[in-house]
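Visitor: Here's the feature list from TrEMBL:
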type	residues	note
TRANSMEM	57-77	transmembrane segment
TRANSMEM	83-104	transmembrane segment
TRANSMEM	124-148	transmembrane segment
TRANSMEM	154-178	transmembrane segment
TRANSMEM	190-211	transmembrane segment
TRANSMEM	264-281	transmembrane segment
TRANSMEM	301-324	transmembrane segment
TRANSMEM	339-362	transmembrane segment
TRANSMEM	383-404	transmembrane segment
TRANSMEM	524-542	transmembrane segment
TRANSMEM	562-579	transmembrane segment
Amino acid sequence: MAEHGGLHSMCLNKVDCHSSSTLSSSSEQESEIFTKLKVSLTEDYPQKNAEILSGQYGTNLLLIGVSLMLVIGNNGASVKEEHLLSFITTLIIVQLLWMMWYIVRRGMQSNLQAEKDVHATTSWIKGGLTLLALLSLIMDAFNIGYFVGYRSCLSAVLVVYPIIHATHTIAQVHFLWFHIKDVIKSFETFERFGVIHAVFTNLLLWCSGVMSEANHLLNHHNTRLTALGFENLTMVDMEPHCNCTISACSVFVNGLYYLYPFNIEYHIFVSVMLFVMWKNIGRTLDLQHNRKRLATKTQGLVVGPILGLAALASTIGVLVVYIIHVEESLDIRESTIAIFYYYGIVMLVLMCSAGVTGLLIYRADPMPMDTTKNPSRKLDTELLFGSSVGSWFISWCSVVAVSVSRSSPSYRWTNLIYSLLSILEKYIQNLFIIESLYRQREDGEREDAEVAGPAPEIFSVTSSLSPPYNGIINQAYENPDNGCVTLENVQESGQVNRCPQKHLEVPRQVENNVEVTPSKKSQILKNIAVFLFMCNISLWILPAFGCRPQYDNGLEEETFGFTTWTTVLNFAMPITLFYRMHSVACLFEVFQRV
């Protein structure tokens with residue numbers, strides 16, 4: 001019995017040992033699975049999917065706001081302007097909280113040097129955005145003054161919104177100046193949502209400004225048609241149903257619509273810059289190409305600036321003539337529209353000629369293309385093509401309208417030529433800009449790379465050749481040359497064997513790069529860039545301040561109908577304005593590169 005019991009107890013002990021080992025191994029497997037799951041949820045998952053999740057979040061924010069705008073645009077009684085402004089104000093406050101959190105966290109990590117993408121923006125772009133922000137602040141001041149005049153019949157939201165918007169503008173400009181180049185490497189998932197929230201908040205503010213400007217222009221257009229004898233036009237009452245208590249109400253009302261274009265451009269450019277920051281989150285920079293460019297040279301700039309200033313002066317003249325005379329009699333109205341088309345044809349022909357000249361210069365030069373990864377440059381290219389769609393859509397509608405219209409005003413065929421040239425000019429300008437942005441610089445970039453590479457070996461011999469210091473002073477160590485190294489502290493003691501010194505030659509063209517005058521080819525390209533720069537500013541000014549013959553010539557409206565054509569213009573015209581301003585930014589970049 002004792003032997004049997006002992007055997008039985010031994011058997012039980014074996015079972016217990018086996019079961020305990022099985023349990024321990026299974027617990028280890030479960031622990032490994034849990035660890036892998038934890039890692040996949042906290043590291044791999046955000047890297048793969050946070051961009052998609054944050055993008056969907058921002059898109060839905062924009063769609064909610066646009067849905068509210070469509071109801072307001074249809075004069076729906078259920079949704080009023082105060083509801084839209086309340087929604088936008090909430091989004092602005094959330095963005096302010098995120099920017100405050102980001103700035104504070106960056107301040108706490110001041111001892112760690114943050115990675116920066118030098119191509120994300122330039123000082124002149126930030127300076128231009130600051131100017132647009134100042135004009136937006138003036139617009140907010142006008143909105144506050146407008147509320148003060150009509151405070152007896154307006155909601156308090158209409159004064160809270162401009163105050164919050166002004167605070168948001170100041171904080172956002174500060175953020176853009178000091179943090180837009182940051183490449184975020186911590187809290188990546190949270191930061192993706194924060195940055196994309198800021199992107200789509202600014203896009204929604206852009207859409208709101210576009211809607212307000214479109215309503216104003218449409219109402220003004222209906223007023224013109226009514227004055228010319230047209231009837232059955234729907235007029236929207238833009239003024240509040242009470243008397244203004246101050247004398248400057250008309251100044252505030254009229255001034256707002258001259259400031260809207262600047263506010264619209266401010267928000268669309270901020271959203272583009274923040275989108276580049278969003279794309280840079282978690283990015284590994286190529287240090288070889290992440291360097292500041294050499295200063296550009298300005299010798300030989302004569303023809304481009306002179307022609308550009310002449311184009312700008314003629315633009316101001318055409319704008320004044322158009323605004324004054326388009327509301328007069330039918331004959332004067334037709335003459336005014338014809339003057340615009342003649343002006344536009346001359347401008348577009350000169351721009352096409354300049355772009356073709358630049359492309360021919362590039363075709364004659366075998367310089368290779370720069371294919372390094374650059375999110376900012378890639379986004380510039382995509383936006384150029386995407387924003388061209390608005391102008392192309394309007395132009396092709398005009399071509400169809402001229403071809404099938406039964407009426408024959410004096411500007412009918414000039415409208416056709418102007419529309420075809422508008423299509424061709426964007427083809428050529430897009431090619432010229434993209435070719436310029438993707439070209440390797442002849443002198444600057446390659447020579448800068450040569451300087452960046454050998455600099456430590458030329459100017460800091462000990463840092464590249466000396467062995468590490470571990471408490472014992474080594475007087476020499478073996479190297480591929482002579483096995484002889486000179487240390488500074490040994491040199492001072494006089495116990496040094498003389499070693500042959502290598503004379504490292506710096507490329508002579510690096511030293512002389514600053515003194516070399518730019519070639520004729522570079523001078524021509526710079527003049528072309530400056531001329532196109534001024535022309536795009538001119539073609540932005542005209543539609544931004546009310547010179548839009550597409551509303552007034554009647555051909556497209558007769559062909560497509562008032563409602564359809566108005567919808568097309570409200571969709572395509574803001575994109576066309578953005579194309580011109582974005583081309584201005586790209587052409588300045590071209591000027592710096594060539």
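Placement of Cβ uses the backbone N, Cα and C atoms for every residue, glycine included.
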Visitor: Counting only pairs 6 or more apart in sequence, are there at least 3 Cβ pairs under 8 Å between the transmembrane segment (154-178) and the transmembrane segment (83-104)?
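Guide: Contact between the transmembrane segment (83-104) and the transmembrane segment (154-178): present, because at least 3 Cβ pairs are under 8 Å.
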Visitor: Should anything in the same chain at least six residues away from the transmembrane segment (264-281) have a Cβ under 8 Å from its Cβ atoms, list it; otherwise answer none.
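Guide: 54, 117, 120-121, 125, 129, 132-133, 135-136, 169, 172, 176, 180-184, 188, 191-192, 195-196, 198-200, 202-203, 205-206, 209-210, 213, 375-376, 379, 383, 574, 577-578, 581-582, 585.
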Visitor: Can at least 3 Cβ pairs under 8 A be found between the transmembrane segment (57-77) and the transmembrane segment (190-211), with each pair 6 or more apart in sequence?
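Guide: Contact between the transmembrane segment (57-77) and the transmembrane segment (190-211): present.
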Visitor: Please report, as numbers and ranges, the same-chain residues at least 6 past the borders of the transmembrane segment (83-104) whose CB is under 8 Å from any CB of it.
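Guide: Answer is 61, 64-65, 68-69, 72, 157-158, 160-161, 164-165, 167-168, 171-172, 175, 179, 191, 194, 197-198, 201, 204-205, 208.
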Visitor: Should anything in the same chain at least six residues away from the transmembrane segment (562-579) have a Cβ under 8 Å from its Cβ atoms, list it; otherwise answer none.
Guide: 206, 210, 214, 218, 261, 264-265, 268, 383-384, 386-391, 393-394, 397, 426, 540, 543-544, 548, 550-551, 556
Visitor: Look at every Cβ pair spanning the transmembrane segment (301-324) and the transmembrane segment (524-542), keep those 6 or more apart in sequence, and say whether at least 3 of them are under 8 Å.
Guide: yes
Visitor: Counting only residues 6+ away from its ends, which parts of the chain sit with a Cβ under 8 Å from the transmembrane segment (190-211)?
Guide: 46, 50-51, 53-55, 57-59, 61-62, 65-66, 69, 72-73, 84, 88, 91-92, 94-95, 98-99, 101-102, 165, 172, 184, 260, 263-264, 267-268, 270-271, 274-275, 277-278, 281, 570, 574
Visitor: Other than its close neighbours in sequence, what residues sit by the transmembrane segment (524-542), given a CB gap under 8 Å and a spacing of at least six beyond its ends?
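Guide: 296, 298, 300-305, 307-309, 311-312, 314-316, 318-319, 322, 340, 347, 350-351, 354-355, 357-358, 361, 429, 432, 436, 518, 548, 577, 580-581, 583-584, 587-588, 590-591, 594.
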